[in-house]
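Taken from TrEMBL, the feature active site, proton acceptor applies to E287. Annotated active site, proton donor per TrEMBL: Y375, in sequence order. Positions annotated as peptide binding site by TrEMBL: Q169, G170, Q171, P257, F258, G259, G260, M261, E262, K561, Q562, K563. Per TrEMBL, Zn(2+) binding site is recorded for H286, H290, E309. What TrEMBL records for 461-606 is domain 'Peptidase M1 leukotriene A4 hydrolase/aminopeptidase C-terminal'.
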Amino acid sequence: MESRRPGGHCGVARRPLHSAQAVDVASASSFRAFEILHLHLDLRAEFGPPGPGPGSRGLSGTVVLELRCLLPEGASELRLDSHSCLEVTAATLRRGQPEDQQPLSETVPFHTQPFSHYGQALCVAFPQPCRPAERFQLELTYRVGEGPGVCWLAPEQTAGKKKPFVYTQGQAVLNRAFFPCFDTPAVKCTYSALIEVPDGFTAVMSASTWEKRGPNKFSFQMCQPIPSYLIALAIGDLASAEVGPRYDLLFMPPSFPFGGMENPCLTFVTPCLLAGDRSLADVIIHEISHSWFGNLVTNANWGEFWLNEGFTMYAQRRISTILFGAAYTCLEAATGRALLRQHMDVSGEENPLNKLRVKIEPGVDPDDTYNETPYEKGYCFVSYLAHLVGDQDQFDNFLKAYVDEFKFQSIMAEDFLEFYLEYFPELKKKRVDSIPGFEFDRWLNTPGWPPYLPDLSPGDSLMKPAEELAELWVTSELDMQAIEAVSISTWKTYQLVYFLDKILQKSPLPPGNVKKLGETYPKISNARNAELRLRWGQIILKNDHQEEFWKVKEFLQSQGKQKYTLPLYHAMMRGSEMAQTLAKDIFSATASQLHSNVVNYVQQILVPKGS
């Protein structure tokens with residue numbers, strides 16, 4: 001089946017893609033039978049009490065999908081991804097007639113079909129079958145109130161505490177709970193939107209242009225084709241500030257579950273990044289890097305998530321090396337490697353989720369497969385491919401050519417690897433794809449630790465002092481003279497993080513050492529930086545240092561980021577009876593502030609399946 005290739009080289013035939021045949025078991029839609037050309041949202045936001053019921057909060061209006069039939073035999077039905085929280089009340093089909101420029105509108109029947117716990121199919125029947133290559137528009141009138149894709153926050157859950165806030169989170173498969181669509185990364189389209197808000201509210205979207213229309217309406221256009229998961233909306237009492245060249249960031253309320261979400265032209269980021277010392281700038285670099293890897297070139301299904309994240313980690317660290325130097329970047333990469341080690345120790349190296357290419361079974365929510373592997377093992381694979389090339393400039397040029405080759409498209413690993421070997425014919429000749437122990441197939445399809453690890457020795461000047469200091473803290477008789485001879489006042493945040501990772505690996509420490517550690521370094525034990533607070537909380541729990549359990553509670557009450565929240569609940573449930581009670585107490589106090597996905601994951605930690 002031929003796929004449309006926006007952004008292709010003029011008049012030059014593009015390579016056939018493996019992704020054109022890719023299956024997406026997470027979509028109930030007929031995205032291979034129809035090409036989506038454009039999507040338009042016309043919605044009105046109402047803030048009220050949680051629904052259902054009159055006056056309850058919700059988004060209501062229409063979505064218009066402009067489509068073209070791809071089936072040579074035509075089609076009599078269209079299937080879209082939807083969700084039980086969407087209440088669709090009408091479907092109107094607009095078909096153009098060859099002899100008549102005015103499209104004919106007709107109301108058409110529709111029904112839903114079960115698909116999975118995270119969505120359902122919306123089936124629209126055509127009274128007259130669609131002709132091959134026929135273009136048409138489908139308008140759906142609907143409303144969404146409470147659901148996993150649209151997150152409503154009460155005033156007290158926001159920074160200003162005065163007005164409510166609503167935002168959408170699409171990745172991976174949540175936008176079907178925002179509007180009916182082809183909710184798969186396999187296909188892309190342009191979109192536009194008209195959003196009406198109550199007085200005193202501002203709407204923003206992941207769009208290339210926007211304008212205010214009258215006192216309460218905001219109009220948006222996204223001129224480049226993007227996958228459905230990148231369509232994002234936020235409405236609230238928003239203030240803006242110019243902080244540099246135009247790259248729009250929206251600092252979200254504390255309950256936002258991610259460090260950042262790379263919604264194009266408007267990255268959503270956690271307020272945890274506002275550490276006051278610019279130490280967490282790597283998250284911003286990461287999200288900017290997604291502009292190329294993930295947004296411009298996209299994984300065709302969620303089993304290939306490493307194509308989004310492994311490349312982005314590589315780009316992030318290349319940029320960081322230029323901005324901050326190799327020593328700092330290798331130190332940051334070492335903390336990433338420690339997270340991967342931690343994840344694999346908990347999950348077991350042979351866990352099938354520890355492959356780069358994950359086989360997502362029908363009915364499994366792709367979000368439930370999320371872990372460090374696509375990020376850090378993906379980074380190692382891209383680094384290995386750079387190592388094979390042996391010349392940084394050449395590999396940088398290859399990455400530019402890769403983005404240019406596949407821009408505005410969704411791909412599989414085979415598409416990328418074939419292009420890599422064509423770009424470097426001398427490597428193809430050497431058959432680098434089948435070097436024993438480093439076979440490309442092994443990288444993709446064998447779980448476990450990466451076969452190749454990038455050299456992080458340029459970071460030794462920062463890592464060695466942290467390792468040596470950590471060693472001093474594990475002895476039962478502390479040598480305070482040697483400890484106090486090491487000044488950590490000039491250490492960068494990631495050096496402190498690395499030090500705490502080493503302490504955590506060596507925990508539990510001899511009795512009294514953690515108390516002394518906290519007293520010696522108030523810069524760490526009383527830190528406001530989220531990365532330090534996470535590690536200090538884990539150390540407190542692993543050492544059952546109960547007099548500081550309140551710090552874990554305070555941190556979990558202050559934010560809802562998944563990366564910080566889940567490890568602390570794991571640590572509490574692996575800890576003492578007191579720590580387990582703490583976990584249950586904190587969860588009952590904070591569950592209402594957390595994103596629905598995070599709530600589900602914490603519940604699974606508190607009450608494991610089958611227990």
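In case you wondered, yes, glycine gets a Cβ from its N, Cα and C as well.
Just so you know, TrEMBL annotations never went through curation; they're auto-generated.
Features recorded in TrEMBL, as mapped to the structure shown.
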residue: Q169; record: peptide binding site; Cβ contacts under 8 Å, 6 or more apart: G149, C151, A232, P257, F258, M261, F268, H595
residue: Q171; record: peptide binding site; Cβ contacts under 8 Å, 6 or more apart: Y229, L230, M261
residue: G260; record: peptide binding site; Cβ contacts under 8 Å, 6 or more apart: T267, F268, V269, T270, L273, V283, I284, H286, E287
residue: E262; record: peptide binding site; Cβ contacts under 8 Å, 6 or more apart: L230, E287, H290, S291, G294, N295
residue: Y375; record: active site, proton donor; Cβ contacts under 8 Å, 6 or more apart: E309, G310, M313, G336, L340
residue: Q562; record: peptide binding site; Cβ contacts under 8 Å, 6 or more apart: P257, F258, H595, N597, V598, Y601
### Query
Tally of helix, strand and coil residues over the domain 'Peptidase M1 leukotriene A4 hydrolase/aminopeptidase C-terminal' (461-606) according to DSSP?
109 helix, 0 strand, 37 coil
#### Entry: Per-residue pLDDT averaged over the domain 'Peptidase M1 leukotriene A4 hydrolase/aminopeptidase C-terminal' (461-606), given as an integer
96
### Query
peptide site residues Q169, G170, Q171, P257, F258, G259, G260, M261, E262, K561, Q562, K563: biggest Cα-Cα distance, Å?
18
## Note on the structure
Surrounding the recorded Zn(2+) site, with Cβ no more than 8 Å from the Cβ centroid of H286, H290, E309 and those residues left out, we find E262, E287, S289, F293, G294, N308, T312, M313, A315, Q316, Y375
